[in-house]
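Note sheet for the following structure.
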Amino acid sequence: MSAVATRGRVDSPPERPRRTGGRRFRISENVAGYLFLSPWLVGLFVIVIGPMIASLYLSFTEYNPLTTPTWIGLDNYVRLFSDDPRYIASLKVTLVYVVVSVPLQLAFALFLAMVLDKGLRGLSFYRSVYYLPSLLGSSVAIAILWRRVFSGDGLVNSFLGVFGVEGRSWISEPATAVYTLVALSVWTFGAPMVIFLAGLRQIPDMYYEAAAVDGAGRVRRFFAITVPLLTPVIFFNLILQMIGAFQAFTPAFVVSDGTGGPVDSTLFYTLYLYQEGFASFRMGYASAMAWVLFVVIALFTALNFAGSKYWVFYGDER
Amino acid sequence: MTVRTKRQRAVTALTATMCAVLVAGLAACGNDGDSAGAGGSGDGEVSLRIAWSGSDERNTRTQDALDLYMEQNPNVDISVEYTTATNFWDRLTTQVAGGNAPDIIQMSGQVLSQYATSDVLLDLGPYVDDGTIDVDGWEEEPLEAQTIDGTLYGIPPGLDGHALVYDATKLQELGIDPPSETWTWSEFADLAREIAAAGGEGYYGTEDGGPQYEVLQSFLNQRGKQLFEGNELGFEAQDVKDLWQFWGDLREDGAAVPADLQTAQGANPENSGVVQGYAAMDFTTSSQYTNFVGLSPGEVGIATYPFGDDGAPGQVWRAGMAWSITRTSPNAEEAAKLIDFLVNDSEAGALLQTTRGVPASPSIREEVRAAVDETEQRSFEHLEVVQAHDAQVTPVLPTGFGDFNDLYQRLYYEFAFGRMSLDEAVDQLMSEAPGLLG
């Protein structure tokens with residue numbers, strides 16, 4: 001936003017020689033530029049920044065959406081951390097989900113990217129096939145499918161049955177329900193995989209050749225060459241997937257019928273937020289939750305950036 | 001120079017195009033809202049918006065009835081908004097908050113007080129008094145169930161009764177007699193155990209009634225108590241403990257389905273053990289009966305909720321749904337006429353049939369009853385059976401009922417999964433529930 005405005009000013013210093021009509025043309029060109037920008041600009045203000053400011057205000061109110069908000073100061077925020085065990089439970093569930101699912105998903109994506117990078121025939125076909133789950137993963141249909149796959153008489157148990165292992169209803173057992181959602185997230189590894197693939201392609205073959213000549217084995221080459229050179233891409237994927245995991249909603253909503261059950265074991269942060277705002281008519285409280293989530297995500301991202309200088313290696317550094 | 005002029009022109013043209021696109025876009029966005037206020041203009045044109053949730057069949061039947069109304073009243077233009085139940089309330093809440101609520105809403109008893117006390121709904125009393133909406137000859141209780149502090153907020157289109165469904169084919173196979181009309185909880189427990197024993201591994205006598213507030217409601221009525229007294233709980237810890245213990249015992253004996261199977265069920269008949277073939281009995285309402293029949297491979301029977309062991313019936317019927325008018329409606333009078341048509345018109349009744357339960361208007365009820373098939377007729381009969389046993393109509397539920405119900409289910413499952421003891425779970429219910437109501 002500010003970058004655009006600055007450029008506009010720099011573009012029209014008076015001392016620059018101009019041909020007739022140039023100034024008018026510049027202005028109308030700027031207007032055209034802004035107009036082209038306007039769908040995004042309008043979207044940003046009307047459906048992002050505006051609602052964000054509104055929700056910040058609402059987070060200091062008691063707001064039943066059927067009536068009008070009343071100012072209650074910090075009460076919502078105080079209640080979040082002092083008087084709402086379900087909120088704390090939802091935080092825990094979400095943290096477990098983020099901490100378990102993100103590394104697993106990245107590891108899986110990297111593994112498949114490496115397999116596909118081996119110059120497989122029909123690579124673009126496999127790439128598309130492996131990317132498919134990412135397109136479908138957050139859809140309602142897949143979440144319903146997941147319910148079936150992990151239910152008592154579902155696919156997973158039939159498979160385990162082959163080995164004589166008696167499964168349980170994974171999705172309706174409080175101890176395992178959240179891990180079925182972790183599995184769903186790992187399964188949608190396509191997006192990071194494609195980015196990893198691109199990153200792997202950037203690593204010059206000569207490094208590997210040189211290492212091979214020096215007698216480095218596969219594992220050694222992976223840890224000494226691939227991983228260090230790939231760290232910027234890993235970091236990028238990590239940030240993206242982490243933010244996405246904090247905000248996960250659809251799978252838990254569909255798999256648990258919107259309840260976060262069994263007994264709150266899949267009560268993701270956003271799901272609880274939604275329940276409070278829309279089912280329990282506490283939109284002010286839900287807004288406070290949204291802002292806390294915003295701060296939490298910002299914090300985690302900042303921590304990651306701070307930590308990144310110890311392990312992320314950019315090619316131009318020594 | 002010429003080149004620049006051309007470019008200049010091109011820029012101007014583009015600018016104009018972008019403006020046009022934007023303006024068109026904004027205008028299109030605005031359209032939706034405008035049409036709401038457009039009704040009641042000089043030429044007698046009236047536009048009404050009506051919103052409901054439910055099955056495809058309900059959507060089609062309601063649309064047919066509304067088409068008929070528009071045919072009969074060419075000056076009225078009705079736009080419909082129907083969604084699945086899950087999306088309906090989110091959407092409605094947002095519309096109300098945005099000052100863009102439909103004229104007529106299909107209200108639910110679970111949120112009626114919330115909407116009524118938030119001043120969203122119109123007092124329908126005047127329209128009933130002046131005869132715009134005719135409720136002559138109706139039972140009084142269904143209307144009382146829509147009345148808060150003397151104000152009538154809705155006209156119920158249909159009624160249903162608490163019902164127990166059972167897999168009749170399976171019982172016959174096992175050589176076990178179906179329940180009688182006035183059976184008791186002990187008989188129910190015996191039957192569930194008998195079925196489970198005869199049905200073999202993985203087959204259960206009954207779905208777990210523990211998490212359902214309707215079961216608690218009947219159970220309390222049999223003890224001369226209520227779910228709620230106004231905005232307060234109408235029961236004590238011991239009542240819930242007795243009920244949950246009853247279900248805990250059945251689960252332990254393998255007579256009721258285990259908790260993990262039960263949580264997978266959700267609220268849909270298609271997932272019920274009776275339909276899926278792993279349990280013989282389930283607790284539901286008479287309006288769901290035809291769904292159970294349609295989904296089940298075998299015969300499905302319908303019975304009353306078990307009576308108290310002392311013979312107290314504790315039966316319940318409901319008018320759980322109602323047509324309400326929003327206060328912001330510019331055409332309340334016309335909306336009231338449409339509601340009257342939907343609940344009282346004989347042709348509309350023939351189109352709508354039992355899509356919102358057994359018709360609340362007694363005269364339409366008889367007409368529809370004669371027209372529907374045998375299965376549907378049994379839901380009419382069931383309502384009569386329930387009514388014959390000194391039944392109660394579910395009264396207006398307090399605000400916060402949804403939260404109460406969530407808490408009740410959650411704590412029951414904490415107990416059922418063995419994560420909390422019976423006492424812990426019930427004590428938490430008794431300490432947290434009062435704060436949610438009122």
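Any Cβ shown, glycine's included, is placed from N, Cα and C.
TrEMBL has this to say about the protein:
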COMPBIAS  A:8-18  compositional bias 'Basic and acidic residues'
DOMAIN    A:91-304  domain 'ABC transmembrane type-1'
REGION    A:1-21  region 'Disordered'
TRANSMEM  A:33-58  transmembrane segment
TRANSMEM  A:95-116  transmembrane segment
TRANSMEM  A:128-146  transmembrane segment
TRANSMEM  A:177-200  transmembrane segment
TRANSMEM  A:221-243  transmembrane segment
TRANSMEM  A:288-312  transmembrane segment
Long-range neighbours of the transmembrane segment (A:177-200), counting only residues six or more past its ends (CB under 8 A): 93, 96-97, 100-101, 104-106, 108-110, 112-114, 116-117, 127, 130-138, 142-143, 146, 150, 170-171, 226, 230, 232-234, 236-237, 240-241, 245, 248, 251-252, 255-256, 261-262, 265-266
Best-contacting stretch, by C-beta pairs under 8 Å, relative to the transmembrane segment (A:221-243) and drawn from A:33-58, A:95-116, A:128-146: A:95-116
Long-range environment of the transmembrane segment (A:95-116) - Cβ separation under 8 angstroms, sequence gap at least 6: 123, 126-127, 130, 178-179, 181-182, 185-186, 188-190, 192-194, 196-197, 199-200, 222, 226, 230, 234, 237-238, 241-242, 245-246, 248, 268
